[in-house]
Amino acid sequence: MSGMHGPVALGSRLDRLPLGSFHHRLVFALAGMILFEWVEINAFAFVAPTLREQWGMSLSTMALIIGISQLGAFGGGVLGGYLADRCGRRRTMLVSVTVYCVGSALCVVVQTPWQLIAARFTAHLGAQAMAVVAIVVLIEFVPAAARGRLQTWKVAIGALGIPIAAWTGYLVVPHWTWGWRLVLGLGLFGAVFAYLVHRWVPESPRWLLSRGETARAEEIVRSIERSCGVEPPEAVKEAADATGPERHPASSRVRFAELLAPPNRRRFAVVATMWVAGLFAYSAFNTWTPTFLSESGLDLDDTLLLSAALATAAPVGAVLAVPLIDRWDRRRTQLGLGVLLAVTLLLFGLVRSPVPVLVLGCLVSLLFQASVPFLQVYSAEVFPTRVRALGSGVANAMSRIFNFGAPLLVAAVFSGLGYTAVFAMLAVIGLIGGTVAVLFGPRTTGLSLEAAATTDTPDAPPTTATPKENVLP
């Protein structure tokens, strides 16, 4: 009977569960942390014009601040992914939140650009580590048929952090010289949701099984089943009782080289390409647009108002992905969104007056945010549990390394070729991720995590179905 404790059997039990209070609490707690992580990541874009005026910073200094922040995010992606696979999802997530809250607190008291660079590095280090683990934690707990949808709701709630940062910047920054400090310190509120994670979220049973901790994994799954109104199968109960508290020997140490060995190598290359291309375009648009609008002649108040309006569209875009992400092949849907995004970016780069900028900018923000859940879910579900966080985290981190130089490239293109050329470049880059996923990535939609991690054919049909009653309306 002990065979019923295997990863497929345990995973199928999690996949068959109806959505219950456990899943709702999980999404709420993780989304709250992500909300303030996104406040932290996006805050600098909305205070940059004011900082440039107060401190007399050049565009190159601003680019350095953004680039060093991306370097911190690189470290967070690698460390967060490695530690989550090595030490556990829950512990790594809580430590990560602590680090990014410390960084946010330091941002409030900095006095020089170099101090701000150090504080932003620390904040991004912790924020990115936490974000990587949060993606993995959610997909390892929820049913396969709702995996994309719940991840999308987490992103939608988290994306509220963008308008929170933007509107706080608009209402506070122009009126008080210290207003930018308040905006950069908003990430501290993430500690509240870290406490909820500590209270509500157990260790991932799938991770525990990968480490040989069968009895503990079984205990957690049984607790989740009961919270959803489902009694554990009697045979599994007996097997759990027979197993007792024995801890099985842990598997060998997780190694980075595993990502470069078959079958993970192609998956890692696809996911890394998706992250690099997607995050380059997304970060460049969100970080630089307020400054570009200001440099193009709009005054500070109009720039901040337009930026806040664009940011407000972000969570709406994520909500638009809810009915799409589990219905059709994620790769092809993301490519379709990429085509629409490229066209809209090209048009955005051709306009200057406030109304067209507002309309097209909102569409760009909607499409960017609608693409984020597809990238997050896909980048984690293609890897086996043993290296899931590492693979997703390192791929994400690679995008940060490229983004370390991206601000300098964007600034150079803007200075040399102008406003329109920047958005033409972003349009081309935005198409790369979806194209690579369709051509080389495995299909994952509708598969259990165990099946998704072993499917090698890009267009293989789903082999593991989740009961239809588990599908969210």
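Cβ coordinates are placed from backbone N, Cα and C, and glycine is handled just like the others.
Values in this document were obtained by computation on a predicted structure and should not be read as measured data.
Taken from TrEMBL, the feature compositional bias 'Low complexity' covers 451-467. As annotated by TrEMBL, domain 'Major facilitator superfamily (MFS) profile' applies to 26-445. Sequence annotations record features per position, and here TrEMBL assigns region 'Disordered' to 451-473. Among the features that TrEMBL reports, transmembrane segment is placed at 26-47, 59-82, 94-114, 126-146, 153-172, 178-197, 268-285, 305-323, 335-351, 357-378, 390-414, 420-440.
Counting C-beta pairs under 8 angstroms (sequence separation of 6 or more), the transmembrane segment (420-440) fails to reach the transmembrane segment (59-82), with fewer than 3 such pairs. Among 94-114, 153-172, 268-285, 305-323, 335-351, 305-323 has the largest number of CB pairs under 8 A with the transmembrane segment (357-378).
If you count C-beta pairs under 8 angstroms between the transmembrane segment (26-47) and each of 94-114, 153-172, 268-285, 390-414, the highest count goes to 153-172.
Ranking 59-82, 126-146, 153-172, 178-197 by CB pairs under 8 A with the transmembrane segment (94-114) puts 178-197 at the top. Contact between the transmembrane segment (153-172) and the transmembrane segment (268-285) is absent: fewer than three CB pairs lie under 8 Å, with pairs separated by 6 or more positions in sequence.
Remote same-chain partners of the transmembrane segment (126-146), defined as residues 6 or more beyond its termini with a Cβ less than 8 Å from a stretch Cβ, comprise 14-19, 22-23, 26-27, 30, 33-34, 37, 40-41, 72-77, 79-81, 83-84, 89-90, 92-93, 95-103, 154, 187, 201, 204-207, 224, 326, 376-377, 379-381, 385, 388-389, 392-393, 396-397, 400, 446-449, 464, 466-468, 470-472. For the transmembrane segment (390-414), the partner stretch with the highest count of Cβ pairs under 8 angstroms, out of 59-82, 178-197, 305-323, is 59-82.
Here the transmembrane segment (59-82) has long-range neighbours at 44, 48, 51-52, 92, 96, 113, 116-117, 120-133, 254, 256, 283, 287, 291, 389-394, 396-398, 400-401, 403-408, 410-411, 415, meaning same-chain residues at least 6 beyond its ends whose C-beta is under 8 angstroms from one of its own.
The average pLDDT computed over the domain 'Major facilitator superfamily (MFS) profile' (26-445) stands at 83.
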